[in-house]
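Colleague: My questions all concern the structure below.
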Amino acid sequence: MWLLLTLSFLLASTAAQDGDKLLEGDECAPHSQPWQVALYERGRFNCGASLISPHWVLSAAHCQSRFMRVRLGEHNLRKRDGPEQLRTTSRVIPHPRYEARSHRNDIMLLRLVQPARLNPQVRPAVLPTRCPHPGEACVVSGWGLVSHNEPGTAGSPRSQVSLPDTLHCANISIISDTSCDKSYPGRLTNTMVCAGAEGRGAESCEGDSGGPLVCGGILQGIVSWGDVPCDNTTKPGVYTKVCHYLEWIRETMKRN
């Protein structure tokens, strides 16, 4: 339920929880996630996404906006270090059965006007040939919300949250449907998959929406929703299960 908040709200918020960041990870090695995409709306960072072919990007349907721009090869959103590519979109195609309230079918395809130039820093993610297994090790990445607590200031106005400049990565694992259903009773469907880290919860937060969950080098999930607030929960995050949508992805790309 943490559909992406506006940037101004994120930057103005305060964190009441002791800890370094809401996404419990570290800065990714630059360009170690070459499929990572940053989506922009009117010049502002909006969501994450994944490149899946030179012409196509995959994200969450709740990230849809009217004026979308795509940035490839990014690491530090405030600096240009060479591999960045800016693209416009000719088609934005959310799943026809997307339901915002229930988060069902939270998946979207974007067709690029000009194809991506593939290189070591810009490379498509590999789509799955099977669904993920409980316990499988994964990496979630994004420019989502982080917190910075000065010593002795946790919970005070000086304990600020912000969107980082650099891409962050966190190591998490797939949670079984049975276990995840205990956290979100009656809310999960077979098109969703849960992932998190034991004792630390979701690991992803506002701003990570639409970004990749990669397991063994395979794109298995799209950051979709989770518990609120994400800095104060042990519940896992919920991801759109990419393996369930392979036919829709392929047919949509073929028709467009």
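Just so it is clear, glycine is given a Cβ too, placed from its N, Cα and C backbone atoms.
Annotation source Swiss-Prot lists active site, charge relay system at H62, D106, S209, citing similarity to another entry. As annotated by Swiss-Prot, disulfide bond applies to C47-C63, C138-C215, C180-C194, C205-C230, with the evidence given as sequence analysis. Positions annotated as domain 'Peptidase S1' by Swiss-Prot: 22-254. The N-linked glycosylation site feature in Swiss-Prot is assigned to N171, N232. The signal peptide annotation in Swiss-Prot covers 1-16 and rests on sequence analysis.
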Colleague: What same-chain residues, at least 6 away in sequence, bring their CB to under 8 Å of the CB of D106 (active site, charge relay system)?
Modeller: A60, A61, H62, H95, Y98, I222, S224, W225, T240
Colleague: Within the domain 'Peptidase S1' (22-254) only, compute the mean pLDDT.
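Modeller: Value for the domain 'Peptidase S1' (22-254), mean pLDDT as a whole number: 88.
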Colleague: Taking only C-alpha atoms and a 10 A limit, tell me which of C138, C180, S209 are near C47 (disulfide bond). These are the recorded positions.
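Modeller: So the list reads S209.
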